[in-house]
Amino acid sequence: MMRSQTGFSIHSRVSVMMDPTLAEMGNHLSDAMKILESGKLESEQGKERRKLSWKDIPGPLQGDGQDVVSILQLVQNLMHGDDDQQGQRMQYVGEQGHMALLGHSLAAYISVLERERLRKLTTRILSDTTLWLCRLFRYENGSAYYHEDDREGLVKVCRLVINTHYEDYATEGFTMLSSKHPVIYQSAACRPGLGQHLCSQLALPLSCLCIVPCNTMFGSLHQMDVALLDKLIRDDRESGKVPLLLIANAGTPGAGHTDKLSRLKELCVQYNMWLHVEGVNLATLALGQVSSAVTAATKCDSMTLTPGPWLGLPAVPAVTLYRHEDPALSLAAGLTSSQPVEKLRALPLWLSLQYLGHDGILQRIKHASQLSQQLLEHLKTLASIKTSDILDSEVSLIEALCMVEDELNSPVVVFRFSQDSAPSSGGSVEGYFAGERDVLDVLNRWLGEQLAQQVPLSGVDVVELEDEGTCVRFSPLMTAAALGTQENDVAALVEKLGEMIPVLSCTLRYRQDFKDEVLQQASLSYIEDLSWPGLGGVRYEPRATDLDEDKRQHSVEKINSDLLKKLMELDTDLYFSGGPEFCEEKNCIFIGMATEDLDVAELVETIVSIGREIEESGKLFENMTEVVRRGIQEAELQLQKANEEKLMEEGVLRQIPLVGPVLNWFSPVQASVKGRTFNLAEGCLDSTEPVYSVKAQMNKEASLDSPKSITKRFPGQKLFRRHGAGSDSVSDTSSVSQLEESFRETAHVQANNADEAEVPEERHVHIVEETALSDQRVPEGQETESVDTLR
């Protein structure tokens, strides 16, 4: 039967089964998974109701039960929550993922079969899966243990080794270990907590765990030091201890490096030790061409495989392959079981391996290896991009850490931004940032987070290495099958990386310049925080010295809070923040990553000027209460005085209700209106008489000086940017003089080409003068007449 990419589904595969109950269960499961993935089960009305009434409070168990649709609705709500607003849906697992999920339901169904039939079926499933895995990964004559926790297989193997070395351990227990302490050796590059987990599960003291350091002089820094391991084993044997087991790596969790497995196997044979190997590089054993370092893993005593992430299969167990001749000891250690239900753990993997087939499995592993090699080749190209003069060139500062001898198919690429070759022109990197690993670490963490956010299908993440520091890791074997990573995603990753390298380089160069500029300002304090990925932090300090500590702290908090809001409203590409989440310094302003055309001096001057304005306005508001109180009192006195003058001027008869209107009809009074303004700065009342004359004069001056209002910034140029940055004619520190010169040249050309426009311009000036003069206030006593005329 031909299988198309879209037309062949679990529906069709299940429907051909002979058992109608099994086919019906498979169809229901397929429909349920599609509903949960699509998220279309809930109506729009139901979504609105859930938004209003959703609570994480468990309700009572209903007595009459619920139907399948209602239960699936509840599961969907728990899975997705409020992700509808953010557009985040469950990752599509594909048909091979559906097969793995189907295996769990089939295992529950098969477990109710008659015992003898169940035994035959589980034996077939277990033997088939074990045979396929041993052939795929070149592990001859091996047995398999399937487990959910990828550390559980190693725990069982340790029990097997203990039972092998201590014959009476099954009856005597820990008393057998007290006389001769067992020792488990593991590399310092192993995943954290592995050795502690073993000791906890085996009830062994931590003194039974020996951490073997990695190479310090020869070989990879992530490979186990074989010579030192040999010395440690000999010392332990001389002290009466029993070396039991050695845990080696075929792909360390951090950098993906492989230990010298051939030499380690020789040591284990020499000292009668068990060699266990784990790591992502074991997946390459299925390929046609495998490095000799990884091929040596086929000779080890046991290995742990994780086919789930390698092949994009959800909820499939990890597998530990091992060789041992005594089935009784394997049963005592828990590596085998007499319970048929235990053997059903292999069912999801059994179904998925058949669905993918041999070619499909190899294609996925090969595709992941090709992606890592593609990225590695691009990183080599980035690292060699230079101009003729290295001092004046911009070098791509990416240091690849994945180069290990004889690692032809390493599926892990680890790289890091480094300032070792950073250009020294235009900045002050050398000398200041030498040894500042914390700064480089936080920049690399920013780089990894940005790459993961902007190219999510690449699957890159941030990893902490002991010697190199913070790095960016690309491990397609662990992510590509689930995310669907393709070659174009790697190309997009390299493109984004090329865009971010100049930003990182400029930030590193301008960081010291920013600090120097801030220290020159008396009103700013420089905040040293090596965990901030950017130029650094500042704090505006108010100039008032007569405040107590509490008032000063409140003033600093308010000024810097308002200053941050003002800076965030500016038209600039710079990022302003209150600082990291766990920053010890408070009331600070942190500036983010810089670009090549950043004007550091203008940035600092802007911060100072805005902070000074906020401080001065704050002082004004502090005195506002007293000023307004005194102003109100003065206004009340003047109003009372004005009323008395009005009474004296108009006479008593005009104030009588019936007589006043009649008298005003025969003899109108032309009363003058005196305007008043309240000066908040001085706290006094002023006459409005000078306002009109000042307004007219200002309009006149604005009309005459209108050409000078042209902005000194070029179209599209944002704040804190130097125009034409990078050219020889522009200063590296400030662009103010260049802008002024450019403006003068533009004004001169416009003046030479517009001689005939002079007369209309003079006429415009006269019109403005006449209009401005007409805006002056009429003399007192003529207001009423003018108003009557208008009416």
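Heads up, the Cβ atoms here are built off N, Cα and C, so glycines get one too.
Record note: among 18-60, 749-791, 749-791 is the stretch given as region 'Disordered' by TrEMBL.
Your range for coiled coil, going by TrEMBL and the list 65-92, 233-260, 625-652, is 625-652.
For the domain 'PDXDC1/PDXD2 second' (435-508), the predicted model reports an average pLDDT of 89.
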